[in-house]
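Enquirer: Here's a structure for you.
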Amino acid sequence: MLNNIRPALERVLKPVGTVVARTRLSPNAITVVGTLGVAAGALVLFSRGEFFWGTMVITAFVLFDMLDGAVARVTGKISKFGAFLDSTMDRVADAAIFSGLMIGLYRDGQEPLAGVALYCMVAGVVVSYAKARAEGLGYTCNVGIAERAERLIVALVAAGLDGLGVPYILAVALWALAGLSTVTIGQRFATVYAQDRAAARPRDPAPEPRA
């Protein structure tokens, strides 16, 4: 859903990307540094129950990581490997965020909610894999009400507010993400199934030319 604002976001990030490009920091380096920062914030701070400060650190590195595409476009260093690295590191960052939440909640004695965080992590991986596999088979799979951007925003906002003492917000967010991610998986399966069925239907034979 938030992918619809991607063109506008790219225009906003272009001037910042131009400035960062002058430091000669490569897009791939930005991707790796951003991912390491997110993982550190999640696995160190979230796992200790420091949800507010963890959210601040993670958000800072997520914003930094968003510059990789802008720098790549400004410098002309767009590559298939860069796209592969970016997608792979996104999965690492997502896993770190929900792992950190899971550990922090478990240590706080909230075992059931820690289990929901684990489910969100697994479901997020399935959502992403379903799209990648579908596209690898030649199908389109750009559907879903809970894509990566939505999941990330909901999780971070809820974790930050929980860290400020807002009650139940993290529990509500994680349960909602679990449900929405499940729906998204179903949407992607249904979309690919429909395309596969359409491709398997016999086509009407072309009419024979008249004499």
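Indices start at 1 and increase along the chain as displayed.
Each residue, glycine too, has its Cβ placed from N, Cα and C.
These figures come from a predicted structure and were not determined experimentally.
This is the feature table in TrEMBL:
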BINDING   Asn28, Ala29, Ile30, Thr31, Gly69, Arg73, Ser79  CDP-1,2-diacyl-sn-glycerol binding site
TRANSMEM  29-46  transmembrane segment
TRANSMEM  52-71  transmembrane segment
BINDING   Asp65, Asp68, Asp86  Mg(2+) 1 binding site
BINDING   Asp65, Asp86, Asp90  Mg(2+) 2 binding site
ACT_SITE  Asp90  active site, proton acceptor
TRANSMEM  113-132  transmembrane segment
TRANSMEM  152-178  transmembrane segment
Enquirer: Looking only at residues six or more beyond either end of the transmembrane segment (52-71), which have a C-beta under 8 A from one in the stretch?
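Expert: Long-range Cβ neighbours of the transmembrane segment (52-71): 9-10, 13-14, 16-18, 20-21, 25-28, 30-31, 33-38, 40-42, 44-46, 77, 82, 86, 89, 93, 97, 100, 152, 156-157, 159-160, 162-164.
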Enquirer: Which sequence positions outside the transmembrane segment (152-178), separated from its termini by at least 6 residues, show Cβ-Cβ distances below 8 Å to it?
Expert: 2, 46, 50-56, 58-59, 62, 94, 97-98, 101, 105, 113, 116-117, 119-120, 123, 146
Enquirer: Give me the CA-CA distance between Asn28 (CDP-1,2-diacyl-sn-glycerol binding site) and Asp65 (Mg(2+) 1 binding site), in Å, as a whole number.
Expert: 10
Enquirer: Residues other than Asp65, Asp68, Asp86 within 8 Å, Cβ to Cβ centroid, of the Mg(2+) 1 site?
Expert: Pro27, Ile30, Thr31, Gly34, Thr35, Met66, Leu67, Gly69, Leu85, Met89, Asp90
Enquirer: Given the binding-site residues Ala29, Ile30, Thr31, Gly69, Ser79, which one's Cα is the least distant from that of Asp86 (Mg(2+) 1 binding site)?
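Expert: Result: the closest of the binding-site residues to Asp86 (Mg(2+) 1 binding site) is Thr31.
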Enquirer: In the same chain, which residue numbers or ranges, 6 or more beyond the ends of the transmembrane segment (113-132), come under 8 angstroms Cβ to Cβ?
Expert: 87, 90-91, 94-95, 98-99, 101-103, 105-106, 141-142, 144, 146-148, 151, 155, 170-171, 174-175, 177-178, 181-182, 184-185, 188-189, 192
Enquirer: Provide, as an integer number of angstrom, the distance between the C-alpha atoms of Arg73 (CDP-1,2-diacyl-sn-glycerol binding site) and Asp90 (Mg(2+) 2 binding site).
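Expert: Here the two Cα atoms are 19 Å apart.
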Enquirer: Including all protein chains shown, what's the count of other C-beta atoms within 10 A of the C-beta of Ser79 (CDP-1,2-diacyl-sn-glycerol binding site)?
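Expert: Cβ-Cβ neighbours of Ser79 (CDP-1,2-diacyl-sn-glycerol binding site) within 10 Å number 12.
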